[in-house]
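Data block below; observations after.
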Amino acid sequence: MAASPADASRRRREKRRQLDARRSKCRIRLGGHMEQWCLLKEQLGFSLHSQLAKFLLDRYTSSGCVLCAGPEPVAPKGLQYLVLLSHAHSRECSLVPGLRGPGGQDGGLVWECSAGHTFSWGPSSGPKSPEEPNLTPLPSTDERSWCPEAKSGQEPAGLESNCDERAQEARMPRGAGPPPETFPSLGEDGEEEEEDEEEMLSDASPWTYSSSPDDEPDVPKPPPSPVTHALKDGEIAPAPAAVPAPLASPSSSASSLGSGAPGPVEVRIQPELRGTPQADQQTEPLASPGSQAQSALASAWDEDTAQIGPKRIRKAAKRELLPCDFPGCGRIFSNRQYLNHHKKYQHIHQKSFSCPEPACGKSFNFKKHLKEHVKLHSDTRDYICEFCARSFRTSSNLVIHRRIHTGEKPLQCEICGFTCRQKASLNWHRRKHAETVAALRFPCEFCGKRFEKPDSVAAHRSKSHPALLLAPQELSGPVESCSSILASASLGASEGSRSTLAPQAPILLP
């Protein structure tokens, strides 16, 4: 049994009410805050309002910052303590420690060098008291010596990086040498800071050595220069251009040794080179630091600049007229790239993107047009009006709808000046002009204006061109009375079909 029209209309109204209720839940009324909302969406880089709303919900519900997800930064004290431990290890061992892995106390990291010296460090760790050392002390010896690997001539992994750094410094531009090492000032404030640093190092350093009774009292000796360990057989020592001149003077070195501060670089290099057979060969380049250093930098700079070719001058693209060679297409392009793009998407792969809906069957030239079309088959409405919170499937529909609130009518008819908001309204209006022009078959011979009926033409003549109607009649025929002319004019205006005035007999008045 078929349902009655009343039941069908009732079900239709119920479905419409449910649809409106479901859509109203998705609307967000921003009121007067629409400008701030759009500005925030552009700053965060979201293309849809729903993405911004999802981001704000996630940020509100999350415990931490959404944008700053990741591990917490390490405290400066922890990093300073790590540098302190590494420096203390370098004073006693020339090998560079590497990360062995987690396993220290409180989940810290364990560092170990090739000689077996280990120490642990954690991000939250700091300097501890000497009673609780956190490092594995070195075995006590009667004489301070280097590790077996360094003695046997095996170069550790850390020294290879030093050689690479020196090679990179040799390739630097002329006059832009490596930055000199910064040494503490030798004034009273500098001496106090150095003494405090030595005390911290002695407290934090677990590597203690016991000297023999015949040796002199334990005086803090300066750490050996890495230059002496990086030298190999036949290798020339680098010029001490980075060592400041005041630090190379004997008076400054004597004052620094008396105050307990580490001595300058030259004081550390000379004693070790004195007993070797290569000392005489290596002290000669050290005596003249300016000539060889500048020549090495100059040669390296010339080699680098020679590899760089002349500046490339880019030529402008030629302007030419390239017509499309497909039959029936008269498009002309000024660039071959545009022509190839036109051929590919307008002729070769013409409408290769088809709609997946079986009942639709539409096809498009570009994939982006297909994506916009697929939205019409779904109920996805990502574009929301900022004035009334209505949602739309495409951005073009939102732009047209927004003109209702702004009052903008950018489209105008070129015939009568009619303005409208969307192209469909303008096309419908232009059809009226086309139909009207086809229906006006009777023109006026004086001004060219067209009318639908001949009666309208006669009325137009008598109203708009009365003088032009009288002039031909005076030149063509005999004398006529004024009353006959007026009578014929009124008769033509009333009947409409008679456009010419024939001569009539005079009317006799009683």
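One is the number of the first residue shown, and numbering goes on along the chain from there.
Each residue, glycine too, has its Cβ placed from N, Cα and C.
In Swiss-Prot, the zinc finger annotation falls on 383-405 of the listed ranges 38-60, 383-405. From the options 10-35, 88-113, 322-347, the stretch Swiss-Prot describes as zinc finger is 322-347.
Of the two recorded stretches, the zinc finger (411-433) does not lie close to the zinc finger (442-465), with fewer than three CB pairs under 8 Å once pairs fewer than 6 apart in sequence are set aside. Broken down with DSSP, the region 'Disordered' (1-20) shows 16 helix, 0 strand, 4 coil. With DSSP states grouped into helix (H, G, I), strand (E, B) and coil, the zinc finger (383-405) comes out at 11 helix, 4 strand, 8 coil.
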